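Student: First the structure, which I've put down as structure tokens, then a few questions once you've had a look.
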């Protein structure tokens, strides 16, 4: 099909081929309807207009000097008569919005002086197909996952391509070595690769666990574990939603955390499940492969645990429990390790961010207080920490050489909880300021793009409602 107003050809390419029996053992029969789709440029003279096609994407200018960002967003207000916490307004509620003409909405700030330390919103991407639960950035590409089962691929703030899986909502996305790993509501991990012939096409190259491995394991009674009273399942498969994915430093091992209270270890080279560890007493919400062979997990049971990876010879490894860093009533919702591999941060449902320092034998460094509701996601870049919350805000924290943190700014613009974050380091500007591009996905169904600088503007005071607590003794007294 073609939109003759823009010359954009919408092309659906089915990547499913006729399978042999061996192929079927390696694949998931529930995924046979997966396909990839993309946008390609074609001459303006090709076929005639179709009235049912939407008009082209509309761009809006958004001045960086405007104090209230993205006020034209249809998600910034909601009718009091609607019962949903984050309802989608009707068309007549925002007839002046570009959404009244097209399912796309995007805008970009005008070019900025390289030496100007601007922090704020520079663009939005909206696709009316569901809440955004996951995203991952790699170079100029951005991958977003939602409850529509689609993984959208954006390039330079425009949709580039996408792929779909019959798997429920997409809970986690990570990118490594030309492969895209996606974790899903159905407890499976899918592995994708960009086609060598057409960068618009993404092919599924594997599902974890493979059907072959699952069938082989099911024949051995020793491979069954009790998941509920009077119910057993094969240990190599998650029986609840996957909540988080992480890769080891050498990219040889993939870690998956699940609401089934376990995390599993997969060998990337052949997709084999090496271990399944009953890690917590409640859902595991986050996992991160950290430093010194350590793996960190955070759970709804209120604990942050440390697991130690040890070599067992012949290329085998095994993970052992090391210690519990935190135990509290509120659920742990997010974990992240900074790029220098020195600090570990955790977010929790009470709106707090705790951190620990590697150089001090993982001693507790303090608490960052900046949110009124639960912290749902964390990201780091350079000496900055970003926390996204159910209060719809993003706090930007800066860490100094003494491990003290100040809140540089609060990014305001979403109309719903901020569920996921990704950060790109853009290097230093002509003025010497560190610059970052931050992507935030929200339950308001939008992805927002922010520019953040790592310097405090002399004219702007640090946010007074954000603060850091430092503990001076092991018993938690501040």
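Each residue, glycine too, has its Cβ placed from N, Cα and C.
Sharing the record's features from TrEMBL:
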- 59-70: compositional bias 'Polar residues' (COMPBIAS)
- 71-106: compositional bias 'Low complexity' (COMPBIAS)
- 28-106: region 'Disordered' (REGION)
- 235-276: repeat 'WD' (REPEAT)
- 277-307: repeat 'WD' (REPEAT)
- 325-357: repeat 'WD' (REPEAT)
- 368-398: repeat 'WD' (REPEAT)
Student: Could you tell me the mean pLDDT the prediction assigns to the repeat 'WD' (235-276)?
Tutor: 95
Student: May I ask for the residues of the chain that lie six or more residues beyond the repeat 'WD' (325-357) and have a Cβ under 8 Å from a Cβ within it?
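Tutor: Same-chain contacts beyond the ends: 282, 285-288, 290-291, 296-306, 363-383, 385, 387, 389, 391, 397, 399, 403, 405.
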Student: Taking residues 6+ outside the repeat 'WD' (368-398), which of them lie with a CB under 8 Å of any CB in it?
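Tutor: Residues packing against the repeat 'WD' (368-398) from afar: 119, 331, 333-339, 343, 345-355, 405-412, 414-425, 434, 436, 438, 440, 442, 444, 450, 452, 454, 456, 463, 465-469.
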